[in-house]
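Engineer: Here it is: the structure, laid out below.
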Amino acid sequence: MADNNSLIGGGVSSLPFTDRVIIVQILVIIFLFINFLLIMTFFQKECFYTSTRYILFAITLFSDSLILFVTNILLILTYLEFTLQVWICIILSASMILFNIVTPVTLTAMTLERYVAICMPLRHAELCSTRSTMHFILIIHGLSSVPCIVILSTVFASASLSFYTQHRLCAMASLMLYRWQDHVRSAVLQFYFLIMVIIIVFSYAKIMQVAKAASGEDKKSSWKGLRTVILHGFQLLLCLIQMWCPFIEAAVFQIDLILFINVRFYNYILFNLTPRCLSPLIYGLRDEKFFHALKRYAFFGLYKRNIR
């Protein structure tokens, strides 16, 4: 059994920086670049930054990009067995918890927007105005901050002042000192995801009813909205699995450090990178209007720069 307590002092281990880590860096750079292009495209047309669905899409891009950046840094530090002072780790963990929740909550809000657009079209302009969307964004971040506050409060309530100056691997597993903290975290996250699953299933059922009853262009629009809700549900499932990863990692952390590093690496690939590839696919490439704007900005924008 590895001595995890020996990782104090902030040193770097002799583990080699393998090809698989380098490949992940390339993938992260590619995804961040794609997200950057999508964000810049979002600001190119007024119809995007005045439309609820595209504003919420931009929120997911921002949160996903931040999560990719922070988690990638922590992945490298973990792989190198580089330790940080606990207070720095708490700040990084707070941002991870917050934006890990922001993405699924925003996906749920996007699902509700599709529900209103298809099932309540006459009220869509009123309920999904630009002003209302700004309120939605505040509500999304307010709701997302609650699990972060609750989880970190369990750390503050159980740790002594000397704990914050210790050097540890930066992972939630190293911040959870007692079993009850894991139970609190699990209960909060499962409650949130239960509510989000209920909302997505409800929206799916209602849109399905409208799709069956509609005809012509309305039917085509309804089925397209239904496919979008299904994709949001799949993303939410991946996010749910991702929320279970820290509990798996916490159990492995107590057994063996190298196994913990390997498990964290594969969890990162499957449940961090994969869900965040779907947002650009669903709205950046599936959406015809946004896709044409992206092509125009990516190719013509770069062409103009080269001429200059």
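Any Cβ shown, glycine's included, is placed from N, Cα and C.
TrEMBL feature annotations, pasted as is:
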{"type": "DOMAIN", "residues": "34-283", "note": "domain 'G-protein coupled receptors family 1 profile'"}
{"type": "TRANSMEM", "residues": "22-43", "note": "transmembrane segment"}
{"type": "TRANSMEM", "residues": "55-79", "note": "transmembrane segment"}
{"type": "TRANSMEM", "residues": "85-112", "note": "transmembrane segment"}
{"type": "TRANSMEM", "residues": "133-164", "note": "transmembrane segment"}
{"type": "TRANSMEM", "residues": "184-205", "note": "transmembrane segment"}
{"type": "TRANSMEM", "residues": "226-244", "note": "transmembrane segment"}
Engineer: I'm a bit unsure how to read this: which one of 22-43, 184-205, 226-244 has the highest number of Cβ pairs shorter than 8 Å with the transmembrane segment (85-112)?
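Structural biologist: Per the Cβ under 8 Å count, 226-244.
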Engineer: Mind checking which residues of the chain, 6+ beyond the ends of the transmembrane segment (226-244), have their Cβ under 8 Å from one of its Cβ atoms?
Structural biologist: 100, 103-104, 107-108, 110-111, 114-115, 189, 193, 196-197, 200-201, 203-204, 207-208, 211, 267, 271-272, 274-275, 278-279, 282, 286
Engineer: At a C-beta cut-off of under 8 Å, are there same-chain residues at least 6 beyond the transmembrane segment (184-205) that contact it? List them, or none.
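Structural biologist: Long-range Cβ neighbours of the transmembrane segment (184-205): 101, 104-105, 107-108, 111-112, 114-115, 146-147, 150-151, 154, 172, 176, 226, 229-230, 232-233, 236, 239-240, 243, 246-247.
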Engineer: In this predicted model, what is the average pLDDT of the domain 'G-protein coupled receptors family 1 profile' (34-283)?
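Structural biologist: On average, pLDDT over the domain 'G-protein coupled receptors family 1 profile' (34-283) sits at 82.
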